[in-house]
Amino acid sequence: MKLLTWGMDLTLAATLLGLAWAVLFSREEFRAVVLFIALGLVMALVWVRLDALEVGLAEAAIGAGISGALLLSFLGRLHRKRSAAPHLAAIGPTCVPGVRGAGPLAATCGTAERLRSSARFARVAVFFCGLGALVLLGIGCWLLWAYPPLRLGPAVVTVEAMPLSGVSNQVTAVLLNFRSFDTLLELVVLLLAVIGIWSLGKAPRPPVGIAVNPILLTMIRGILPFSILVAGYLVWLGEHAPGGAFQGGAVLGAAGILLALAGRPLPEFCPRPLLRATLVGGTLIFLGLAALPLALGKLFFQYPAAQAGAFILAIEAAAAISIGLALCLLPDAGAPAAARQQVFAPDEPLPSPQRHLPAEEEQR
């Protein structure tokens, strides 16, 4: 049995390193994205093997699922932009390196040279980052070997303070009671990420006349109600078992991305004031409940012991909704537009264009 355990651990470690290497040095963008999703799933298995089920759930949902959806969305948008660009062969004669005025493609050759220079810089940066990581790993191993373990570590302190936490899950107690300020900052970082993306401009409108696959629509109609139930169950489960706000929010975010795939993104039928209020609601409720003990003569984040469980459940529910909304808005790559163009079902007639452009102008 011990030999089998060692074999499984070595297989996971080798697979993790191999996938990381393949992601870094893959020459195809789609292949790199798929390998990155696989890397997140294997990383989740590694966390489960280390008995960190909460981290494994978060890694599988956010590190593999949501991040993979983001990368695939941006990759599809990038490919559409490339296909819309004119072919280089139609621009002019081939450029001659070192000769001025060799044609309009001279700028293109300069761009290619800059890309090659950037690739060389990236390889050097990866080498030094890996070297620095090895140095830090060596220092960490030396510190663990040179210094004796603490007699009263964080685990012992957490176990002793569990009766005052209001929950029976130690991870939830640490994240939302003992170290809740860190969790609040994580919500703020996610909120700032959405605000930063919105500040870049409006989200690109979906093209007119996209036919949605009826099989996809049927699947989404069946999955969405269960996704909401699973998200609520994960939030409730975090009180006494692996689960919580981030896991439930990731499921809600995945449900929102499925809606967008079906041609019904949330900004299309949800008012913008409600979107913004829901997005900041989790952080504001977290701050309000953290400041409420000040009115009772206690410290910031010092929940009353009798009501600590209710405080944590309210914070997790509000945070899960805000996290889910933020995660499903990130693939839009911009602020929600005031009005979206309609996406038509396969059986609906498409509207005729108002004016027809010549073929040459359409190509341009």
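Glycine is treated like the rest: Cβ placed from N, Cα and C.
Small disclaimer: the values here were computed from a predicted structure and weren't measured.
Database features (TrEMBL):
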- 15-80: domain 'MrpA C-terminal/MbhD' (DOMAIN)
- 215-312: domain 'Na+/H+ antiporter MnhB subunit-related protein' (DOMAIN)
- 345-364: region 'Disordered' (REGION)
- 6-25: transmembrane segment (TRANSMEM)
- 32-50: transmembrane segment (TRANSMEM)
- 56-75: transmembrane segment (TRANSMEM)
- 124-145: transmembrane segment (TRANSMEM)
- 184-203: transmembrane segment (TRANSMEM)
- 215-238: transmembrane segment (TRANSMEM)
- 244-262: transmembrane segment (TRANSMEM)
- 274-296: transmembrane segment (TRANSMEM)
- 308-330: transmembrane segment (TRANSMEM)
Outside the transmembrane segment (308-330), six or more residues from its ends: residues with CB under 8 Å to it: 62, 66, 70, 164-167, 172, 176-177, 180, 183, 187, 190-191, 193-194, 197, 231, 234-236, 238-239, 244-246, 248-257, 259-260, 266-267, 275, 278-283, 285-286, 289, 336
Interface present between the transmembrane segment (274-296) and the transmembrane segment (184-203) (three or more C-beta pairs under 8 A): yes
Surrounding residues of the transmembrane segment (215-238) on its own chain - C-beta under 8 Å, 6+ positions past either end: 57, 167, 169, 172, 244-245, 247-249, 251-252, 254-255, 258-259, 261-262, 313, 316-317, 320, 324, 345
Residues in the domain 'MrpA C-terminal/MbhD' (15-80) grouped by DSSP into helix, strand and remaining coil: 59 helix, 0 strand, 7 coil
Same-chain residue ranges lying at least 6 outside the transmembrane segment (56-75) that approach it to Cβ under 8 Å: 29-30, 33, 36-41, 43-48, 234, 242-243, 246-247, 250-251, 253-254, 257, 327, 330-331, 333
